[in-house]
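As structure tokens, the structure follows; a few thoughts come after it.
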Amino acid sequence: MSEKYVVTWDMLQIHARKLAQRLLPVEQWKGIIAVSRGGLVPGALLARELGIRHVDTVCISSYDHNNQRELKVLKKAEGDGEGFIVVDDLVDTGGTAQAIREIYPKAHFVTIFAKPAGQPLVDDYIVDIPQDTWIEQPWDMGVVFVPPICEGR
């Protein structure tokens, strides 16, 4: 990955609220299935904005910090996804999204961010991201003190 796209907590909440507006009316949904771990925070934000209390998870492992690795389904919510929103933070190459589509063929699959290779696999997303860009999510970062330039002389 050559570029990095840094996401702040404020940006994430704004994007999640935009996505929630597109998911109205709320009465059409039975619940949310968040893809662990990237979809956990967006799932919580959507649950709050839509007033949805039924939240479950599907646990799929495909990343090890900066590297993609073999896909493993560790745990899944029951059913075919009918009436459920499945949410992840992003769709990248489409590997995880393809697995989600196979597990939950009737779900409405959404992400906050989408890269070109994975876009066709989601029903909706908010932000386009170039394929060669790594997304730094706010839960993966910490705030640190940076001394003024004049002190580094």
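Numbers here mean position along the shown chain, with the first residue as 1.
Backbone N, Cα and C define each Cβ position, glycine as well.
Per Swiss-Prot, the features are:
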BINDING   R37, G38, R69, D88, D89, L90, V91, D92, T93, G94, G95, T96  5-phospho-alpha-D-ribose 1-diphosphate binding site
BINDING   R69, D92, T93, G94, G95, T96, W134, I135  GMP binding site
BINDING   D89  Mg(2+) binding site
BINDING   D92, I135  xanthine binding site
BINDING   D92, I135  guanine binding site
I135 (GMP binding site) to G95 (5-phospho-alpha-D-ribose 1-diphosphate binding site) - Cα separation in whole Å: 17
Local backbone state of D89 (5-phospho-alpha-D-ribose 1-diphosphate binding site), from DSSP in three classes: strand
Of V91, I135 (the binding-site residues), the residue whose Cβ has the fewest other Cβ atoms within 10 Å: I135
Between G94 (GMP binding site) and R37 (5-phospho-alpha-D-ribose 1-diphosphate binding site), the C-alpha gap once rounded to whole angstrom: 16
Chain-internal residues near D89 (5-phospho-alpha-D-ribose 1-diphosphate binding site), provided their CB is under 8 angstroms and they sit 6+ positions away: G38, G39, V41, P42, T111, I112, F113, I135, Q137
Rounded distance in angstrom between the Cα atoms of W134 (GMP binding site) and V91 (5-phospho-alpha-D-ribose 1-diphosphate binding site): 12
Among T93, T96, which are binding-site residues, the residue with the most C-beta atoms within 10 angstroms of its C-beta: T96
Neighbour tally for G94 (GMP binding site), based on other Cβ positions within 10 Å of its Cβ: 19
Length of the line joining the Cα atoms of R37 (5-phospho-alpha-D-ribose 1-diphosphate binding site) and T96 (GMP binding site), in Å: 12
DSSP three-state assignment (helix, strand or coil) for R37 (5-phospho-alpha-D-ribose 1-diphosphate binding site): coil
